[in-house]
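First the structure, then my questions, so here it is.
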Amino acid sequence: MNINLDRTSSGFCIGVQGTIYAAEEKLQQEGGLYSFGDIVHNEVEVKRLEALGLVTVDERAFRELRDAHVLIRAHGEPPSTYRIARENNLTVTDTTCPVVSRLQRTTRLLFELGYQIIIYGKQSHPEVIGINGQCNNQAVIIKHADLSDPDELKGLDLAKKSALISQTTMDVPGFYELKALLEARFAQYLSSEKSAWMAIRDIDITAAMTGVLSMPSLLFKDTICRQVSSRNQKLHDFSLANDVVIFVAGKKSSNGQVLYHICKEANPRSYFIEEIEEIEERWLRNSDGRAVATVGVCGATSTPMWHLEKVALHLEKNFAQ
């Protein structure tokens, strides 16, 4: 049995790398640091950092902190978080991912221009909470690209000029499926010549803010992180190339769920684990009881490479022949 570790399309993305590096640096300097929410959606990595002095706090505990040092994670935060930090004299280490920061700015400016904000994303995801905060928590948030959940559409006003954006870790095909269905729905309400949606760039928004450009009433901006989405095809191919795939990610990881689904579609013998102890020997054997020839180990953008290496080493020591 050969164990193949994916080093090209697994492991921390740049945004998470920056957050972890900043946390380690602050912990080394000060010996302690608060993180507002899980620093990354990976319990194994959270435990490692907590052993170094990181303390994770929820919203209630965050509001009660005074004169402390707090880290803002890569997911970003709404304006209200920074207001509380100022009021409570908190020192903030802001590690919001640059891609997320640009998305927050886009959302804020479009809202100021009078657009109804539609977010393709998960309502409870920290990144979406931060984005929604840029538009006074008035965004219409849609998780199901096929519009199969009517509750998600209750706040949608077809009479308003609207802009569609996305949580950075959602899937590209889903975004464009949602865009097409929204176009059709708005077309039923508006005249056909007014229902065309225009793709916009940051420069277009800036021009509109200064009055140089007049934008149409229906817009969309594909804000999905390409560093994340580019992994999709690579993981698909990696899964096809191995008899069995062990996908390693935190159970809370949104990106992990998306990438695991891609692996599972490519190779039905793909298995999701968070901890090494979850691996079952029967996964690694064929129906005749013989060991499979190849096992691939891969993971999400929130999975540390050290943990992937640990899983691969465990497989080599205990199952490889």
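Glycine residues also receive a Cβ, built from the backbone N, Cα and C atoms like all the rest.
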According to Swiss-Prot, CYS13, CYS97 bind [4Fe-4S] cluster; which one of CYS225, CYS263 is listed for that same site?
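Matched candidate out of CYS225, CYS263, per Swiss-Prot for [4Fe-4S] cluster with CYS13, CYS97: CYS225.
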According to DSSP, does SER302 (isopentenyl diphosphate binding site) fall in a helix, a strand, or coil?
coil
Given the isopentenyl diphosphate site residues HIS41, HIS75, HIS125, SER253, SER254, ASN255, SER302, which other residues of that chain have a Cβ within 8 Å of the mean position of their Cβ atoms, reported in sequence order?
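After dropping the recorded site residues, what remains is VAL40, PRO126, GLU127, THR169, GLY250, LYS252, GLY256, ALA300, THR301.
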Of the binding-site residues listed here (CYS13, THR168, CYS225), which is spatially closest to HIS41 (isopentenyl diphosphate binding site) when Cα positions are compared?
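Minimum Cα distance from HIS41 (isopentenyl diphosphate binding site) across CYS13, THR168, CYS225 lands on CYS13.
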If you count the other Cβ atoms within 10 Å of each Cβ, which of the binding-site residues THR168, SER254, SER302 comes out on top?
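Buried the deepest by this measure is THR168.
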Across the record's isopentenyl diphosphate-binding residues HIS41, HIS75, HIS125, SER253, SER254, ASN255, SER302, the largest CA-CA distance in angstrom?
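Between the most distant Cα atoms of the isopentenyl diphosphate site, 14 Å.
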Take the mean position of the Cβ atoms of CYS13, CYS97, CYS225, the recorded [4Fe-4S] cluster site. Which other residues of that chain put their Cβ within 8 Å of it?
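Sorted by sequence, the hits are ILE14, GLY15, VAL16, ALA74, VAL99, VAL100, THR168, THR169, GLN227, VAL228, THR301.
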